[in-house]
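A.B. asks: Pasting a structure here, questions to come.
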Amino acid sequence: MDLLFKVRRSELLACSIFTGRDPESKGIQKAKEIGIRTSVNSIQAILDEPDICEIVFDTTSAKAHAIHAPILKKLGKFVIDLTPSRFGKMCVPVIDLEDGLHSENINMVTCGGQAIAPLAKALMEIHPEIEYIELVAAISSKSAGSGTRANIDEYTQTTKDAIEYYSGVPRAKALIILNPAEPPIRMHNTMYAEITNPKLEEIIRKVAEVAAHIKKYVPGYTLALEPTYENGRLTIMVEVEGQGDYLPAYSGNLDIITSAAVRVAEEYARKKYE
Amino acid sequence: MNKPIFFDSTLRDGSHVVRHQISIETITEYCKMIDGSGVYAVIVGHGNGLGASTLQVGRSLHSDLEMISAARAALHETKLGAFMLPGFGTIKDDLAPALDAGVDLVCVGVHCTEADVTQQYIEYVTGRGKEAIGVLMMYHRAPKERLLEEAKKMQSYGARAVILMDSAGSSTVDMVRQTVEYLVRHLQIPVGFHAHNNLSMAVANSFVALESGATIIDGTTRGFGAGAGNCQLEAVVALLQKNGIDAGVELYKLLDAGEKVLKPIMTKPQGIDPVSIVSGLAGVFSGFAPHVKRAAEEFGVDPRDIFMELGRRNVVAGQEDIIVDVAVELAKRQTQNV
């Protein structure tokens with residue numbers, strides 16, 4: 001639903017159908033209310049009417065995407081997968097938007113991956129000798145939907161793998177914490193790296209630069225703690241506040257991944273109709 | 001009262017006390033002494049479970065697999081258990097290798113309102129033909145109706161039992177009685193209790209849990225555990241004897257393991273220091289104690305104030321990074337007030 005609001009706001013995209021499974025779901029109800037065509041036949045709705053769209057955003061679950069992906073491929077759709085399925089090519093727009101567009105199925109990694117992989121990559125460019133990077137992503141329980149919960153294992157593994165893949169660090173580790181506190185916490189990411197003699201000024205400058213790039217498509221992306229060195233480890237903290245499109249502002253974890261997905265879709269549309 | 005079974009978490013929860021530096025020799029010696037004592041399972045590993053050796057919560061001296069293998073070699077009658085927190089480890093990197101190395105039973109822990117994230121792990125463990133136990137941590141944060149709802153999810157995933165963890169040691173006798181009775185009445189699977197000793201009630205609360213229908217006691221010898229420590233298993237066994245209940249555990253073996261293997265690695269006697277009492281009062285996870293003390297020293301603030309503020313923020317286990325955040329804020333407030 002948050003994605004739908006972002007698509008509607010886009011000058012390059014239009015939503016032709018919003019599908020789900022449960023006619024009573026809040027998402028379907030809300031979409032109807034704002035005049036969007038809906039269906040409760042999930043992917044069948046696209047099979048029934050293949051010309052209805054060019055781009056498909058899949059926000060189901062990793063398991064479901066494994067079934068959807070080959071179907072959509074046959075239909076020749078450009079697929080942006082927001083589950084941690086790992087089916088398509090991983091994409092973090094600030095790093096590899098261009099590469100992503102060459103593929104027909106793009107995986108948006110995870111919110112933690114979107115938030116931290118670019119910083120890990122920046123750090124490794126300055127200090128290629130780093131051997132270990134760790135990410136702690138804390139998100140509010142309220143913003144972790146049933147999909148995230150059912151896929152917690154894929155979510156954790158994919159986040160870790162994305163940090164290794166994008167930064168080249170030999171070993172990464174991702175910790176995911178669901179925090180039930182009320183009022184809900186904003187998405188909070190802490191990145192640690194083990195390092196001796198960090199070039200702190202260069203790191204601070206580079207990290208600020210990358211953060212500013214991300215902020216262009218994720219306005220709520222903020223450095224909560226600029227790179228800080230103590231006890232042989234470098235710590236960086238990032239908070240992500242949602243834009244409050246549909247979900248409340250604490251859901252920064254969803255905002256960052258839907259924003260990244262829309263960024264990819266817009267670029268695809270721009271390239272296609274240029 | 002039903003005859004209880006005992007989970008010995010000494011080497012796992014006690015790992016917090018020594019900042020996860022328990023040696024292979026200690027694990028081997030300890031397991032040898034407990035094996036065949038009548039204790040149902042020994043839980044081994046990093047204090048935060050499989051895959052938790054990290055900068056966030058502290059590195060272990062040995063890898064999960066080294067610890068598991070050492071315990072495996074020493075245990076024949078008593079089962080070998082591991083602990084796991086979803087979000088810390090993954091099936092591929094941590095859980096599957098642990099089962100391959102011979103773990104018989106896995107306690108899958110989660111904050112008490114988040115049981116649905118245990119599904120993948122409970123199902124995986126059960127699917128591999130091993131025992132999965134659901135653990136609801138910080139149980140004092142949710143009403144009993146909600147706890148039942150969460151416990152039922154674990155039951156539906158295939159958990160063999162559900163253990164309530166009083167992670168902050170802030171239970172009163174009434175809370176234990178009402179919660180355990182309610183869960184026992186409505187669940188098909190056994191209920192267990194894991195007590196912390198912040199308000200010096202760990203043994204008493206464990207006894208009350210048994211009186212209320214629980215059948216699993218999860219504790220540690222000498223009460224070895226972070227902060228104020230845990231329910232002292234030897235004391236519960238002795239207390240049961242006094243009440244004419246045969247716990248089926250050889251008391252002397254537990255006493256010997258505590259005296260001969262644990263005592264040498266305990267840096268100080270297990271006791272309840274002021275900070276632990278405050279953490280119990282604030283209802284904050286006891287495992288935070290060493291981190292809070294360090295942050296208090298570093299930023300020149302009162303550790304008790306840090307705990308009370310963490311309690312107000314409702315932090316959960318695993319959010320050790322917030323401790324520094326709180327310490328910094330308190331330090332700022334102090335300067336402003338001067």
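Each residue's number is its place along the chain shown, starting with 1.
Using N, Cα and C of the backbone, Cβ positions are placed for all residues, glycine too.
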A.B. asks: May I ask you to find which of B:Asp13, B:Asp35 TrEMBL records for the Mn(2+) site already listed with B:His194, B:His196?
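C.D. replies: Among B:Asp13, B:Asp35, only B:Asp13 appears alongside B:His194, B:His196 as Mn(2+)-binding in TrEMBL.
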A.B. asks: Given that TrEMBL annotates B:Arg12, B:Asp13, B:His194 as substrate-binding, name the residue from B:Ser53, B:Ser63, B:Ser156, B:Ser167 that shares the site.
C.D. replies: B:Ser167
A.B. asks: Using DSSP reduced to three states, classify B:Arg12 (substrate binding site) as helix, strand or coil.
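C.D. replies: Assignment for B:Arg12 (substrate binding site) reads helix.
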A.B. asks: Which residues, in sequence order, are found in the same chain with Cβ within 8 Å of the centroid defined by the Cβ atoms of B:Asp13, B:His194, B:His196 at the Mn(2+) site, excluding those residues themselves?
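C.D. replies: Other same-chain residues with Cβ inside the cutoff are B:Ser9, B:Met165, B:Asp166, B:Ser167, B:Gly169, B:Ala195, B:Ala202, B:Asp218, B:Gly219, B:Thr220, B:Gly225, B:Asn230, B:Cys231, B:Ser286.
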A.B. asks: How many Å lie between the Cα of B:His194 (substrate binding site) and the Cα of B:His16 (active site, proton acceptor)?
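C.D. replies: Spelling it out, the Cα of B:His194 (substrate binding site) and the Cα of B:His16 (active site, proton acceptor) are 16 Å apart.
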A.B. asks: Between the Cα atoms of B:Arg12 (substrate binding site) and B:His196 (Mn(2+) binding site), find the distance and write it as a whole number of Å.
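C.D. replies: Taking the Cα atoms only, B:Arg12 (substrate binding site) lies 14 Å from B:His196 (Mn(2+) binding site).
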A.B. asks: Excluding near sequence neighbours, so keeping only residues 6 or more apart in the same chain, what lies with its CB under 8 A of B:His16 (active site, proton acceptor)?
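C.D. replies: Once residues fewer than 6 apart are set aside, B:His16 (active site, proton acceptor) is near B:Gly47, B:Gly225, B:Ala226, B:Gly287, B:Pro290.
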A.B. asks: Quick check: which same-chain residues outside B:Arg12, B:Asp13, B:Ser167, B:His194 lie with their CB within 8 A of the centre of the substrate site CB atoms?
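C.D. replies: For the substrate site, the extra neighbours are B:Ser9, B:Gly47, B:Phe83, B:Met165, B:His196, B:Asp218, B:Thr220, B:Gly225, B:Asn230.
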A.B. asks: Taking the residues B:Arg12, B:Asp13, B:Ser167, B:His194, which the record names as binding substrate, find the longest CA to CA distance and state it in Å to the nearest whole number.
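C.D. replies: Roughly 14 Å, rounded to the nearest whole number.
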